[in-house]
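Here the structure is laid out as structure tokens; the discussion comes afterwards.
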Amino acid sequence: MRKERLEKGSWLGMLITLGVVYGDIGTSPLYVMNALINDAGPLKNATPDYVIGSVSLIFWTLMLITTVKYVLVALRADNHHEGGIFALYALVRHRAKWLIFVALIGGAALLADGTLTPAVTVTSAVEGLKGLPDLRAFSQYSWLVPLSVTLILVSLFTIQVLGTAVVGRSFGPMMLLWFIVIGGIGLLNISQAPAILRAFSPVYAIQVLFSPTNKMGIFILGSVFLATTGAEALYSDMGHVGKANIDATWPFVYAMLILNYLGQGAWMLTHSQGPAWRNVTNINPFYEMIPSGGRIAMIVLATVAAIIASQALITGSYTLVDEAVGLKFLPRMIIKHPSNVRSQIYIGAINWLLCLVTLSIVWLFQTSAHMEAAYGLAITLTMLMTTILLSQWVQMKGHRFWSLALLAGFGLLETLFLVASLTKFIHGGYLTLGLTLMIFLIMVVWFFGNRRRLRYNQADEQISLLNYRSQLIQLSQDDNQPLFATNLVYLAKVDQLHRVKRSILYSILDKRPKRAKVYWFITINETNRPYDCSYSVDMLGTRNVVEVRLNLGFRKSQHINRYLRAIVTSLIADHSIDPQYSNYGITQPRQVGDFKFVVQNQQIMDLAGNPTMHQFDRFLIGGRIFLQNITPSPAIWYGLEFSDVLEETIPLFTKPMTDPALVHLAKRQTTRHQV
């Protein structure tokens, strides 16, 4: 589907949006009211005031946070049609240096807490099988639920390689059916207890926070917040489906969700004081309000919807990581584009890492009740960080008053949710906070490690090829040096002033000189056009020192050896470089010689070579080098696995250094003798 149609909105775009964006927030009714009942204890404690107040809290939480903050405000803060906390940070980062920590905390928390989303939603749906008499085994054998969830999640993560559009088209109709069904069931139950409609009044929401029937007090907000954890996905997935499609579909989704929450509340009002229900604990009104004849069909539909809920998290994670790589918060990864829309991506490393962590959580907690107790803590941090960045964006647009109002209003509200969610820490929230800290440290080390490295050698980091042309020409013609390669290729990122990293020329000239007939310095630019494939050449006034700028579309193969061979053939044909005849080869005559690609790596132990470096800088720079060495090599990014590649270890600092503490002892002795 074309990006332009996604941005303008269409029926197909809205269907894809239902399948991609709303899975998380759309399946919250599976577990939110269950969590609120667990907070109350036995069902008899869920008095009418408690039930109406709880549903009112859900209604106004969805209204204020999801509708007002995200749909009405955040979706307007798009960065070239992309959303998410990192895209927002890129818009406002020039306003203050400290904002980078806001973005890093928010992004890390979103990635960490998202690992619980697939686990809790799919487990909640599958647990519905426990209530079926014909499937008593799910109650008798506790391992059957996590095993079933594992099989479902592995299948989901496996199909991600097909792309967002394919997955969205498949899931969209199912989510449309899901929302219609849960809204309809909710409406049927509302008719049995119309008093639940009083939940539309915010008075009941405020009263329940301080009511003696609410044993949790303000900490009830920790369970209420589960209703809106998927709100951040609306913003993160904007680049996948377009703002117009989210604007068009959210009113429908919101209405269906509220009808279902009201229906669950109505069922609780009707049954909470009944003899058969008074002392029941850990009951899920979502399934109980469904007629027994439709229970099996609803469990199947809920399981499908729970699978789709995981989709919103997965696509959002891809976008978040892609933006983090672009901002140099994370190492470069292999990113695939299954469609012609650039923002629709697939990152295999993230996909399977997310799968591994999610499955670990499933087997660690095993029940949805345990997962709900841990779910939502880290995401409150993300929402609070998004609010801070949004206030900066509103102020940047010239609305200082509204900026302060947004920061004060939503900042206070989300701080309350954060405080209320702190009780989750001992119940498993420590896991997501631990993941948040780990991801945050990785991003800090990668970003600031590079900044500190550049600080130490920035003055001499870039040197001009023009100043070394004569040496390269002379080396190329020096028969006293063995021929290293016919074509020696460096992936160099040459700037407009013909400057490259000092380490590249150090590799050619300062180490054992690498004689080649032609030296190639390749700069690769990824363009917004999916199948772009063009190049420009600068011979630098020579016949054997060549700059090449290769422009490749984001869907175009990046196997640069194929393109380079065609470029060499073209330059030989127009007599820009000499033919590279060879007497050996399967095909003859052969005019293009061999290629040698050089990939440079650095080692942590090289940090000892700079005695003036601070210890904290050693940690940051060393950490970055370590991360760089365990991530995929450029040889893999550019399809050079089967080419002749030299992976070369180079010094971190190629400029010669001296230790100011070094003393010439002979000179001191002579001076002492003279005295």
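From the backbone N, Cα and C atoms, a Cβ is placed for every residue, glycine too.
For the transmembrane segment (12-32), the residues of the chain that approach it from at least six positions outside its boundaries are 1, 5-6, 58, 66, 117, 120-121, 124-125, 164-165, 167-176, 178-179, 182, 223-224, 226-231, 233-234, 237, 240-242, 244-246, 248-249, 253, 257, 260-261, 264, 284, 286, 302, 305-313, 315, 368, 372, judged by C-beta separation under 8 angstroms. Per Swiss-Prot, the feature transmembrane segment maps to 12-32 (among others).
If you look at the transmembrane segment (55-75), the same-chain residues 6 or more away from its ends with a CB under 8 A from one of its CBs are 25, 32, 83, 88, 196, 198-202, 204-205, 208-209, 220-221, 224-225, 227-228, 231-232, 234-235, 238, 243, 246-247, 250, 254, 257-258, 261-262, 264-265, 383, 386-387, 390, 394, 406, 410, 413-414. What Swiss-Prot records for 55-75 (among others) is transmembrane segment.
For the transmembrane segment (98-118), same-chain residues at least 6 beyond its ends with a Cβ under 8 Å from one of its own Cβ atoms are 24, 85-86, 88-89, 92, 153, 156, 229-230, 232, 236, 309-310, 312-314, 316-317, 320-321, 324, 329, 354, 357-358, 361, 371, 374-379, 381-382, 384-386, 388-389, 392, 432-433, 435-440, 443-444, 447. Under the heading transmembrane segment, Swiss-Prot lists 98-118 (among others).
As annotated by Swiss-Prot, transmembrane segment applies to 143-163 (among others).
Residues or ranges marked as transmembrane segment by Swiss-Prot: 170-190 (among others).
Positions annotated as transmembrane segment by Swiss-Prot: 216-236 (among others). Below 8 angstroms of C-beta separation, residues 21-26, 28, 31-32, 35-36, 38-39, 54, 57-58, 61-62, 65-66, 69-71, 74-75, 83-85, 88, 110, 113, 117, 208-210, 246, 250, 257, 261, 309, 312-313, 315-316, 319-320, 372, 375-376, 379-380, 382-383, 386, 416-417, 419-424 of the same chain, each at least six residues beyond the ends of the transmembrane segment (216-236), sit close to that stretch.
Residues or ranges marked as transmembrane segment in Swiss-Prot: 249-269 (among others). Long-range contacts of the transmembrane segment (249-269) within the same chain: residues 14, 17-18, 21-22, 25-26, 28-29, 32-33, 37, 43, 46, 48, 51-52, 54-55, 58-59, 62, 66-67, 71, 179-180, 182-197, 199, 227, 234, 285-286, 288-289, each at least 6 residues beyond the stretch ends and with a Cβ under 8 Å from a Cβ of the stretch.
For the transmembrane segment (296-316), the list of distant contacts is 19-27, 30, 84, 110, 114, 117-118, 121-122, 124-126, 128-129, 132, 152-153, 156-157, 160, 164, 167, 171, 174-175, 177-178, 181, 185, 230, 232-233, 236-237, 240, 286-287, 290, 351, 354, 358: same-chain residues at least six beyond its ends, Cβ to Cβ under 8 Å. If you look up Swiss-Prot, you'll see 296-316 (among others) marked as transmembrane segment, on the strength of sequence analysis.
Annotation source Swiss-Prot lists transmembrane segment at 345-365 (among others).
As annotated by Swiss-Prot, transmembrane segment applies to 374-394 (among others), with the evidence given as sequence analysis. Note on the transmembrane segment (374-394): residues 65, 69, 73-74, 77, 85, 88-89, 91-92, 95-96, 99, 102-103, 105-107, 109-110, 112-114, 116-117, 120, 222, 225-226, 229, 231-232, 235, 365, 402-404, 406-407, 410-411, 414-415, 417-418, 421-422, 424-425, 427-429, 431-433, 435-436 of its chain, located 6 or more positions outside it, place their CB under 8 angstroms from a CB of the stretch.
Cβ atoms under 8 Å from those of the transmembrane segment (401-421) belong to residues 64-65, 69, 73, 218-222, 225, 376-377, 380-381, 383-384, 387-388, 390-392, 394-395, 429 of the same chain, restricted to positions at least 6 beyond its ends. According to Swiss-Prot, the transmembrane segment annotation covers 401-421 (among others), on the basis of sequence analysis.
For the transmembrane segment (428-448), same-chain residues at least 6 beyond its ends with a Cβ under 8 Å from one of its own Cβ atoms are 100, 104-105, 107-109, 111-113, 115-116, 324, 327-331, 357, 361, 364-365, 370-371, 373-374, 377-378, 381, 421-422, 619-620, 623-624, 627. Swiss-Prot lists 428-448 (among others) with the feature transmembrane segment, giving sequence analysis as the kind of evidence.
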